[in-house]
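Visitor: Pasting the relevant annotations from TrEMBL:
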| type | residues | note |
| --- | --- | --- |
| TRANSMEM | B:21-43 | transmembrane segment |
| TRANSMEM | B:63-81 | transmembrane segment |
| TRANSMEM | B:88-107 | transmembrane segment |
| TRANSMEM | B:113-135 | transmembrane segment |
| TRANSMEM | B:147-166 | transmembrane segment |
| TRANSMEM | B:199-216 | transmembrane segment |
| TRANSMEM | B:282-311 | transmembrane segment |
| TRANSMEM | B:323-344 | transmembrane segment |
């Protein structure tokens, strides 16, 4: 296979952990909170999922356990920020460090063991298309489910009353409380959802993408996911697009090969962060101006 | 039913000492339970974590060695945190400081550069300050969140470090290891004591603590910064310039982190290598909070966290505790601190029935 074919085959899978974690965080941020603990929540999800799959052989069980455990960790953040009114930056980092530490602690005896990943299958008919059929359109079941889930999330956020309430809570919590929405409960639910999504993202990384557990395997994906939410300006479609883009970039060397230029891989690895800073400037400047008028 | 937090009138002294103490006790208890569940001999682990560092001069000196960068960085960060300027990227400023300082011994490996050591420390400090300055500029000019910008800059700094160590700055005779040449003697910080590693960077850190204390508790500028944090509107009415607070906070914290980075390569490492990025910048955030964001508290909390690091090392040997336990301990400590601090400062009132 050429580098391009590898890229086509690998991008969706590389993008998936970023996509799931970023969509979860996007919902959290839409309700007006910022949880910086993504990296830790993904790590604990990855460890728990690996342990579950290793013992039970069931990926479904692994994903479910990862989602639950990461959501519980996220609730620590929710509790500290919403009920105890702790500083959200500190609380997010605390949860992040805790998650990273716990994942290494639980996963220690599972280091360097392996499990089997998930089989890939193509979309009927479409997977017969040359080049993209056997590569881009042949993926594991989680990828297909995640694409469905992304569309579902877009629908909920943009076309339903629940989506409106979430946006209202984020944009003006006081007003939302005044018209009787349970702001704290909605924020808690969003944080739990964000945690569960991080758990799923971690589970994918450790049981499907590279079916093994290693300490530090999340390797900054949580931070990229955080960057993605900004990059995608809090809109489902753009976050999903960004995940694909950052997914390609995370395949660094391969991408450089495919586009045929010799760029140091560090430049490619920095791109998501540089792009995010530029996006932040662009968005904030817009708002900065609007507030002056 | 509705829970409300009511601010207590006079409990600040209790909160200042009570919260960290209570948090430490809760953390110890929880980790005892956690270790027991994981089949780690809990008593042995806790003994190694909290007592071993005090049982030999060598371990204690290692605590002081760890404490220097943590204390220095945390003092810088706390100034900003109190003014609601969240520099989360001390790790990046630390790395850039280390890189800038390393330029001198990398280009003059024979040590022929006059004033090598002062030049390195100054370059490190200025480098860290300039790197933090990017975030200050983007915040004051465009309103871009310094939380995210400093965080992203940290991740970019790691890539800059990797690029230099794998490329132009790699030691040509270093068997392809990603590290620079070993620094010449005049690029190394003088040691404080014979035969152990703590160096004069500890003096820098204590000096910074004194500076932070004088500025934050005794000087008008500190009052302005604290007001900007507690009551931004009041600060604006009083005519305290918000951009100046942001620049000042980020410049000072960047300077401190940069000097810490320079001291790390000119100290225990003796060369620039990947392991310079071991998370001091992130740990210092925890140190700053657990120290109550106050200069004196931070001296105590940096000491405590350093004890945990060194104790963690010995616990890996004597109690089979994984290295990650130190992270767990830090994470729990900060969570419990955030919890206990609020509960000591506020009391919970339960109102039944009608919501407001």
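Cβ coordinates come from backbone N, Cα and C, glycine included.
All annotation found in TrEMBL is predicted automatically rather than curated by experts.
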Visitor: Under a Cβ pair cut-off of under 8 Å, which of the recorded stretches B:21-43, B:88-107, B:113-135, B:147-166, B:282-311 contacts the transmembrane segment (B:199-216) most often?
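Guide: Counting Cβ pairs under 8 Å, the winner is B:282-311.
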Visitor: Mind checking which residues reach the transmembrane segment (B:282-311)? Cβ under 8 Å, same chain, six or more beyond either end.
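Guide: Result: 16, 19-20, 23-24, 48-54, 59, 62-64, 66-67, 69-71, 73-75, 77-78, 81-82, 88, 90-91, 205-206, 209-210, 212-213, 216-217, 257, 326, 329-330, 333-334, 337-338, 341.
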Visitor: Are there residues at least 6 beyond the ends of the transmembrane segment (B:147-166) whose Cβ is under 8 Å from a Cβ of it, and what are they?
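Guide: For the transmembrane segment (B:147-166), the nonlocal Cβ contacts are 86-93, 95-96, 98-99, 131-132, 134-135, 138-139, 178-180, 250, 272-274, 276-277, 281.
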Visitor: In terms of Cβ proximity under 8 Å, which residues at least six beyond the ends of the transmembrane segment (B:21-43) contact it?
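Guide: Answer is 50, 290, 304, 319-321, 325, 328-329, 332-333, 336-337, 339-341, 344.
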